[in-house]
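Copied over from Swiss-Prot:
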SIGNAL    1-42  signal peptide
TOPO_DOM  43-326  topological domain 'Extracellular'
DISULFID  Cys107-Cys149  disulfide bond
DISULFID  Cys135-Cys166  disulfide bond
DOMAIN    169-234  domain 'Sushi 3'
DISULFID  Cys171-Cys219  disulfide bond
CARBOHYD  Asn179  N-linked glycosylation site
DISULFID  Cys200-Cys232  disulfide bond
DOMAIN    235-294  domain 'Sushi 4'
DISULFID  Cys237-Cys279  disulfide bond
DISULFID  Cys265-Cys292  disulfide bond
CARBOHYD  Thr301  O-linked glycosylation site
TRANSMEM  327-347  transmembrane segment
TOPO_DOM  348-355  topological domain 'Cytoplasmic'
Amino acid sequence: MTAAPLTPDPTHPRRRRKSYTFFSLGIYAEALLFLLSSLSDACEPPPPFEAMELKDKPKPHYAIGEIIEYTCKKGYLYLSPYPMTAICQPNHTWVPISDHGCIKVQCTMLQDPSFGKVHYIDGRFSWGARVKYTCMNGYYMVGMSVLQCELNGNGDAFWNGHPPSCKKVYCLPPPKIKNGTHTFTDIKVFKYHEAVIYSCDPNPGPDKFSLVGPSMLFCAGHNTWSSDPPECKVVKCPFPVLQNGRQISRTEKKFSYQALVLFQCLEGFYMEGSSMVVCGAKSSWEPSIPQCLKGPKPHSTKPPVYSESGYPSPREGIFGQEFDAWIIALIVVTSVVGVIVICLIILRCSEYRKK
């Protein structure tokens, strides 16, 4: 009797595939662990620096003990004895690591111009730095007042312009004015701070010319006078009339430039506006003529000003300085009497003890 052939179990192949899968995963895990262990014994790429860069092409990882070499970037110079190499340490760090060995390329140091001075704004003259020029009083600048140290394509530093110069200040004659003149009309060139004075010509008409504006001009800069010249013109303000009031200054029939008028209201009226007006350059009163309104003057809502008369100062209080003097005298007298009483009490006590 022969045994029946065994029927293959359909689950066996699945077990083989599962064991094969576990075997593959183990190989992958060992490879990953090996890779991680190898990477754990390496340094990452060194950090970038502003002044220096790697001499060779950077790599993703570096072995322990591996040495890298740096070089200064364009626009920087090597400063001995700082090292330009770094070593991958067992703790996965780079030592030493610093860009102190590379300094910026410097421009040539600039000298002070004649009658002027150069100021280093940033306190240095390497590329990126700026300088500012100034001239002495009585001199003006020709050229750029601010220069900057820049870098060209070859890595060399240069100033972006030529240094300026300081020239002596001169002024051409000031402008002539209509109906007037100025002093020193025969001078063709004026030095720094030299001045002229303007005046008006006599007017053949009934009203005189008034000098409106500054009477004196001086040479303030190269071909620059201190202000615009004045004008000579007729300025005539209308006769000021104040209803329910009167002038308290001298009365005149004509009021020319800068004539001053003071006003006062009649009894039973109060003034609204300024009590003083001046004849302005446009033949009008400045400020406008006030008004005198009937009735008592309204009380001001503003707090009293102590500096004005009629109000006590904070130190005076309600009773004033006289009351303060009485208080001081009373304190002095009281103190003297108190001392005398104490002395008498002490004397009586000593006599009582002797008895």
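Here the Cβ of each residue, glycine as well, is placed from N, Cα and C on the backbone.
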In the same chain, which residue numbers or ranges, 6 or more beyond the ends of the transmembrane segment (327-347), come under 8 angstroms Cβ to Cβ? none
Relative to the Cβ position of Cys171 (disulfide bond), how many further Cβ atoms are located within 10 Å? 23
Fill in the CA-CA distance, Cys149 (disulfide bond) to Cys200 (disulfide bond), as an integer in Å. 55
To the nearest whole angstrom, state the Cα distance for the pair the residue listed as 'N-linked glycosylation site' and Cys232 (disulfide bond). 6
Give the distance between the Cα atoms of Cys292 (disulfide bond) and Cys237 (disulfide bond), rounded to the nearest whole Å. 21
For Cys232 (disulfide bond), what residues in its own chain, 6 or more apart in sequence, show a Cβ-Cβ distance under 8 Å? Ile177, Lys178, Asn179, Gly180, Tyr198, Cys200, Asp201, Phe209, Ser210, Leu211, Val212
For a quick check of packing: other C-beta atoms within 10 Å of the C-beta of Asn179 (N-linked glycosylation site), how many? 14
Per DSSP (helix/strand/coil reduction), Cys171 (disulfide bond) sits in strand
Find the shortest Cα-Cα separation between Cys166 (disulfide bond) and the disulfide-bonded residues Cys107, Cys237, Cys265, Cys279, and name the residue that gives it. Cys107
Among Cys107, Cys219, Cys237, Cys279, which are recorded as disulfide-bonded residues, the nearest neighbour of Cys135 (disulfide bond) by Cα: Cys219
Pop the Cα-Cα gap between Cys107 (disulfide bond) and Cys265 (disulfide bond) into the table, whole Å please. 77
Rounded mean pLDDT within the domain 'Sushi 4' (235-294) lands at 93
Give me the non-local Cβ neighbours of Cys237 (disulfide bond): same chain, 6+ apart in sequence, Cβ-Cβ under 8 Å, ordered along the sequence. Phe255, Ser256, Ala259, Cys279, Gly280, Ser283, Ser284, Trp285
Same-chain residues at least 6 positions away from Cys107 (disulfide bond) with a Cβ under 8 Å from its Cβ, in sequence order, are Phe125, Ser126, Trp127, Ala129, Cys149, Ala157, Phe158, Trp159
Per DSSP, the domain 'Sushi 4' (235-294) contains 0 helix, 25 strand, 35 coil
